[in-house]
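Per Swiss-Prot, the features are:
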type    : residues               : note
DOMAIN  : 5-70                   : domain 'J'
ZN_FING : 135-213                : zinc finger
REPEAT  : 148-155                : repeat 'CXXCXGXG motif'
BINDING : C148, C151, C201, C204 : Zn(2+) 1 binding site
REPEAT  : 165-172                : repeat 'CXXCXGXG motif'
BINDING : C165, C168, C187, C190 : Zn(2+) 2 binding site
REPEAT  : 187-194                : repeat 'CXXCXGXG motif'
REPEAT  : 201-208                : repeat 'CXXCXGXG motif'
Amino acid sequence: MSQRDYYEVLGVARDASEDEIKRQYRKLALQYHPDRNPDNPEAEQMFKEAAEAYDVLRDADKRARYDRFGHAGLNGNGGGHGFANADDVFAHFSDIFGDLFGFATGSSRMRGPRPQAGADLRYNLSISFRQAAKGDEVTLRLPKKVTCDECNGSGAAAGTKPETCRHCGGNGQIRQSQGFFQIAVPCPVCRGEGQVIPTPCPKCKGSGILQQVRELAVRIPAGVDTGNRLRLRGEGEPGLHGGPPGDLYVVVSVEQDKTFRRQGQDLVITHEVSFVQAALGDRIEVPTLDDPVTLDIPKGTQSGEVFRLTDQGLPYLGHHQKGDLLVEVRVLTPVSLTKKQEELLREFAKLEEGKPFEKVKKVARKIGKAMGME
């Protein structure tokens, strides 16, 4: 086609970098593209010359031969000979712009079905508070996709096999024009597979996959909380065409407990004591995740006061460290008193005015005895 100097055609120096050559070619190709210059043979000629020049200068081997021997160094060596027709130029243009912009172009070829990773699966698991606190092993029943044993995964009925898609010629892609670009899109007939199944397998309906139910043992670590996700690699759906399987995500939901309330890895309980116990102090027994433990309530304990028992909470995930048990004391006020109890309380009230400590303490003990606390 052109015998003009290729560097002159693109408007770059002879020592221009590959990136500079790409940028300049892109600029010229957009400027002189026939869609932007209808009925302009001069622009079409410039477009073709730019494509020919870029075809040589982008290739290190062709460029080296051109730099040394000029156009003569390209004769019979796949470069500098021009393009047979306009389709060659546009295909070349699409190839280059696909390379420049990172999208698939009309020259892209699919080499048969591509490996596809399997889909990830989600399983919502509800467990008891005790299971979350101590950890447990549970068995999940999950849907499972397996290769059809009738067609060995081909999807074709016995005695038949998949055929090359006639619509795309087995490429899995067809060309479509968008403006002055030609891009490649998946073939609508074979859905990008490059092949079709004329007679589908009756067992799997042509999918090559069967649905089954499987059982999977899952270890629940101690300390999990609602919303925690357990990832089981490779336990999702199988991949297609040799692709890797997906993962299984077990999303945990922990049921509420009647005794314990959760605050992170700490546990909270409310323990009721009489006002005599609160006033004089006492030793009480409180529940834990294991056996009950003894807690000393000091004299003068107020309702709502919280006592902390260290390492009696929930374990941190992946650690031996545990949270604490918080015991919130609630002081009960008696609602039904005997006559003697009322008299003692009135005596207590009188003594409270002057606060003679020993006498108050003595009456308080009497009240406790009258109420069956001692």
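Heads up, the Cβ atoms here are built off N, Cα and C, so glycines get one too.
Since the structure is predicted, the reported quantities are computational estimates derived from the model, not experimental observations.
Location within the structure of each feature annotated in Swiss-Prot.
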{"residue": "C148", "record": "Zn(2+) 1 binding site", "DSSP class": "coil"}
{"residue": "C165", "record": "Zn(2+) 2 binding site", "DSSP class": "coil"}
{"residue": "C187", "record": "Zn(2+) 2 binding site", "DSSP class": "coil"}
{"residue": "C201", "record": "Zn(2+) 1 binding site", "DSSP class": "coil"}
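Cβ neighbours within 10 Å of C201 (Zn(2+) 1 binding site), excluding its own Cβ and spanning all shown chains: 21. With respect to their backbone Cα atoms, C168 (Zn(2+) 2 binding site) and C201 (Zn(2+) 1 binding site) stand 23 Å from each other. Contact between the repeat 'CXXCXGXG motif' (148-155) and the repeat 'CXXCXGXG motif' (187-194) is not supported, since fewer than 3 Cβ pairs fall under 8 Å when only residues 6 or more apart in sequence are counted. With a 10 A radius on its CB, C165 (Zn(2+) 2 binding site) counts 20 other CB atoms from all the protein chains.
Counting every protein chain shown, the number of other Cβ atoms lying within 10 Å of the Cβ of C168 (Zn(2+) 2 binding site) is 24. The two recorded residues C204 (Zn(2+) 1 binding site) and C165 (Zn(2+) 2 binding site) have their Cα atoms spaced 21 Å from each other. Of the recorded residues, C165 (Zn(2+) 2 binding site) and C148 (Zn(2+) 1 binding site) place their C-alpha atoms 23 Å from one another. For the domain 'J' (5-70), DSSP puts the residue distribution at 48 helix, 0 strand, 18 coil. The Zn(2+) 2 site, placed at the center of the C-beta atoms of C165, C168, C187, C190, has further neighbours from the same chain whose C-beta lies within 8 angstroms: R166, H167, G169, G170, N171, G172, Q173, I174, P188, V189, R191, G192, E193, G194, Q195, V196.
For the zinc finger (135-213), the DSSP-based tally of helix, strand and coil residues reads 0 helix, 35 strand, 44 coil.
Highlighted in sequence order, D149, E150, N152, G153, S154, G155, A156, P200, P202, K203, K205, G206, S207, G208, I209, L210 have their Cβ within 8 Å of the centre of the Cβ atoms of C148, C151, C201, C204, the residues recorded for Zn(2+) 1, and are not part of that set.
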